[in-house]
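Down below is the structure, laid out as structure tokens.
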Amino acid sequence: MKDYFFSVFKTNPLEMKGLNGIRGIAFFMVIYTHMFRPYKYFGFHEPNVWIENFLNNGSLCMDAFFVLSGYLIGGQLLKEKIKTNSINYGNFITKRVLRIFPPYYIFLTFQFIIIYNLSKFATDELVKTESLQLLKRVVWDYAYMSDYFAGIMIHGWSLSVEEKFYILLPILLFLILKLKQKNQILFSLSILVILPTIFRLIQFLQISPENLSFWTYSVTFYYPFHSRMDGLFLGVLVAAIQIYYPEKIDKFLKDRNSIYFVLLSLVTLLSIMFFTSEDRPDLFTCVFRFLFASLAWSIILIKTLDEKSWTAKVLSVPIFSPVAKLSYCAYIIHLLCLGFLSKKFIGYHKIHYYEIIIWTIPIGVIILGYAYLYYLMTEKPFLALRNRLLNKK
């Protein structure tokens, strides 16, 4: 019983601690970006384009999440294939379904019930009408298609992207791993990394500048799976290089100059955050931003594999471990929590930018507290069930 409640706070020896740090930082980037965006409608004292870009572009966290997912899931499947000469798709599906589905579908159904009751019992006719419209869209959330069709869970698009990846990856690896040469396997994965950039460029060239708005950018470039899979497959490619050519990774990590690649990656991420705008999307933002950000996160990920490096030491701070474990549940519930926490601690009115910055960690920690309770109710029981089922096999 004690383990049930406190295992999330214990560091597992098998954890890749540096990855916890990346995931933890990405979580707080989600918080400050989604905290910031509603305040654009209230306005800011002393408006500053660079600061607004920085706060808005915390969305680069999604590239980090995608690279991590690709690296971890791809690495597991590749190692299993090498070890057993096969991939147990039943086990893979069991692992994914029992971890991902319960928190997602329970929260989605909770939203559905609230909206359904509003459509039936709200006294305001406008609320009733809008609720009925939302109910028509919930099917896209249940089908994990909200990256292509708007659902009721605004942030569910990224979960839809990852779900498609989980379905597609085993099939693609089954085909790719039929290739005999290691370099052929890596080349095939590289094509999957490059394809989304080609898709985005083709789409960009078909849109006239006057029609290129934030909404167009979001639904055409930012949300869809085919446009965002480069980060996921880049993570798989990194895992494949580590597995098939470990000496190349070791050589990179032992090279003193590798720290400059990390610094270049940080400069790349910060440059994108300060100097590009999703509100005013251009060629770089629509076509190349996701690939550059994913490459930067990938280099940082690789550097964390050297536990003696400063990169790994900073990102392996123990506090990141529970944050990483709770990040999935926290992501699912964070917008609901931000709705009342922002109002309580900041208020909905014209504010200063620093108010977003200073409240990011406190509000993020409170959301993690709620996520812990949600984790105990919706994720932990099914993780225990998953472990029992897999151990029986």
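Even glycines carry a Cβ here, placed using N, Cα and C.
Positions annotated as domain 'Acyltransferase 3' by TrEMBL: 17-373.
Within the chain carrying the transmembrane segment (20-39), a Cβ under 8 angstroms from the stretch's Cβ atoms is held by residues 52, 55-62, 64-65, 68, 155, 297, 300-301, 304, 314-317, 319-321, 323-324, 327, 330-331, 334-335, 338, 342, 348, 351, 356-357, 359-361, 363-364, 367, all 6 or more beyond its ends. The transmembrane segment annotation in TrEMBL covers 20-39 (among others).
If you look up TrEMBL, you'll see 60-78 (among others) marked as transmembrane segment.
Residues annotated as transmembrane segment in TrEMBL: 98-118 (among others). Within the chain, the transmembrane segment (98-118) has long-range Cβ neighbours (under 8 A, six or more residues past its boundaries) at 127-128, 131, 134-135, 138, 141-142, 152-153, 156, 159, 163, 166, 328-329, 332-333, 374-375, 377-379, 381-383, 385-386, 389.
Counting same-chain residues at least six beyond the ends of the transmembrane segment (164-179), those with a Cβ under 8 angstroms from any Cβ of the stretch are 69-70, 73-74, 77-78, 81, 87, 89, 92, 96, 100, 144, 147, 185, 188-189, 192, 225, 229, 232, 236. According to TrEMBL, the feature transmembrane segment maps to 164-179 (among others).
Per TrEMBL, transmembrane segment is recorded for 186-205 (among others).
The transmembrane segment feature in TrEMBL is assigned to 225-245 (among others). Outside the transmembrane segment (225-245), and at least 6 residues removed from its termini, the chain residues within Cβ reach (under 8 Å) are 62-63, 66-75, 78-79, 82, 147-148, 160-162, 164-165, 169, 182, 185-186, 189-190, 192-197, 199-200, 203, 290-291, 293-295, 297-298, 301-302, 305.
Residues or ranges marked as transmembrane segment in TrEMBL: 257-276 (among others).
What TrEMBL records for 282-302 (among others) is transmembrane segment.
The transmembrane segment annotation in TrEMBL covers 314-336 (among others). Within its own chain, the transmembrane segment (314-336) is flanked in space by residues 8-11, 15, 17-27, 30-31, 34, 99-100, 103-104, 107, 154-155, 159, 300, 304, 307, 367-368, 370-372, 374-375, 378-379, which lie at least six positions past its ends and keep a Cβ under 8 Å from the stretch.
Residues of the same chain lying 6 or more positions beyond the ends of the transmembrane segment (356-376) and with a Cβ under 8 Å from any Cβ of it are 4-5, 8, 27-28, 31-32, 35-36, 39, 55, 103, 107, 322-323, 325-327, 329-330, 332-334, 337-338, 341-342, 345-346. Positions annotated as transmembrane segment by TrEMBL: 356-376 (among others).
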### Query
Are the transmembrane segment (282-302) and the transmembrane segment (257-276) near each other by the rule of at least 3 C-beta pairs under 8 angstroms (pairs 6 or more apart)?
yes
### Message
When you look at the transmembrane segment (60-78) alongside the transmembrane segment (186-205), do they share 3+ Cβ pairs under 8 Å, ignoring any pair fewer than 6 residues apart in sequence?
### Response
no
### Summary
Near the transmembrane segment (282-302) in space but 6 or more residues beyond its ends, with Cβ under 8 Å, are 18-19, 22, 60, 63-64, 66-68, 71, 193, 196-197, 200-201, 203-204, 212, 217, 220-221, 227-228, 230-231, 234-235, 238, 249, 252-253, 261-262, 264-266, 268-269, 272, 276, 311, 315
